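The next block holds one structure in the form of C-alpha cells; read it before the comments.
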Amino acid sequence: FQVQATVVGFLASIAAVVFGWIPDGHFSMDHAVLLCASSVATAFIASLVLGMIMIGVIIGSKKMGINPDNVATPIAASLGDLITLALLSGISWGLYKELEGRAYANPLVCAFFLSLLPIWIIIARRNSATREVLYSGWEPVIIAMAISSVGGLILDRTVSDPNFAGMAVFTPVINGVGGNLVAVQASRISTYLHMSGEPGEGPGTAPRKCPSPCSTFCSSDVNSRSARVLFLLVVPGHLVFLYTIHSMQGGHTTLTLIFIVFYMTAALLQVLILLYIADWMVHWMWGRHLDPDNFSIPYLTALGDLIGTGLLALSFHVLWLIGDRDSDVGD
C-alpha cells in the first residue's frame, strides 16, 4: 500500500497541476513542486497511519464478535478523509513557509519519498498476498483517482461561483455517506461470495448481466435485505448532518424545506444508483476471477464522489433557477 500511496500521490499532484494550469494558463514550478511534495508526503504518511489503524480495528472486531465488513470499511473511509485532509493542510502549510528561505526543501521531500519506492517494492514482492496487489491493484486505484478528479472539477467550477459557494460544506457529507454505505454493501456481497470459494467459483461464476432493480432491492436475498437497510439509513443520517451543519452555522445556506427536499432527493438518488451498481459490479468482477475487495470499492467510492457532486451541483443550480436564493450565500 505504501507503493500505491506514493505513486498515486505523485500522479494526483501532476493531475492537479495540469487541471489548474489548463484553465488559467499560468504555471509556477515552485508551486508545482510544493504540491507534489505535499501530496506524496501526505499519501505516504496517511496510508501508513490508516494501515495500522485498520489492522487494529479488524482484529478488535473479530475478538468482539462484530462483522468487520460493517465496521472496518466505514471507519477507513471516514478516517481516511479526516487524516488525509488534516495532514495535507499541515504539511502543505509547513512546506509553503519554506519556499522563501529554503526552496530546496520541497524537491528534497519529494525526492526522499520517491526514493523509498524500490524498498517498498522489494518488501511487497516477498509476500505472496501483497505480491498480487502489487501487480494487479493499479488499474482500479488510478482509474478511481481519475473519476474523483472529474468530481473535483465539478466542485471547483460550482463553488467558484459566489452564488453556489455554500455547496462546499455539503459535498463531503453527501459523498462520505454515499461512499461509506456502498463500501459496506460491496464488502458484504464480496464476503458472501468468498464463503463459497475463490473468485470465479460458486454462485457468481458467470459474469453477471445488469440485474433488475427488483432483484437488487426487493428480493428475499440477504444482500437485497442489506441494500434496503442501507438505503433506509440515508434520510436519518443526512438529517443529523444537516442539523449539525445548521447548528454550527456552516454552509452559508439556509435550510429551507425546499432545500432539504432537493438535497435529500440527490442523496437518495446517489445511494440508489451506487447500491445498484455495486450489486452488478461485485458479481461481474467475481465472475471475471477478480477479487471484489481489491477492485470494486475504489471504483464505487470514486463513482460516489462523482455522482454525489454532480447531483448536488445540479440541485443548487435548480434551486437558484426556481428562486430559492440565500442572501448569505458566499458571505
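Using N, Cα and C of the backbone, Cβ positions are placed for all residues, glycine too.
Positions annotated as domain 'SLC41A/MgtE integral membrane' by TrEMBL: 3-91, 171-314. Annotated transmembrane segment per TrEMBL: 6-22, 34-59, 71-96, 103-123, 135-155, 229-245, 257-278, 299-322, in sequence order.
Long-range neighbours of the transmembrane segment (257-278) within the same chain, counting only residues 6 or more positions beyond its ends whose Cβ lies under 8 Å from a Cβ of the stretch, are 170, 174, 177-178, 181-182, 185-186, 189, 211, 213, 216-217, 227, 230-231, 234-235, 238, 242, 296, 300, 303-304, 307-308, 311-312, 314-315, 318-319, 322, 324. Long-range Cβ contacts of the transmembrane segment (34-59) within its own chain (Cβ-Cβ under 8 Å, at least 6 residues beyond either end) map to 1-2, 4-6, 8-10, 12-14, 16-17, 68, 71-72, 75-76, 79-80, 83-84, 87-88, 91-92, 95-96, 99, 105-107, 109-110, 113-114, 116. The list of residues near the transmembrane segment (135-155) in space but at least 6 beyond its ends in sequence, with Cβ under 8 angstroms from a Cβ of it, reads 4, 7-8, 11-12, 15-16, 19, 167-168, 171, 175, 294-296, 298-299, 301-303, 305-306, 308-310, 313. Per DSSP, the secondary structure of the domain 'SLC41A/MgtE integral membrane' (171-314) breaks down as 111 helix, 0 strand, 33 coil. Residue counts for the domain 'SLC41A/MgtE integral membrane' (3-91) under DSSP, split into helix (H, G, I), strand (E, B) and coil, are 81 helix, 0 strand, 8 coil.
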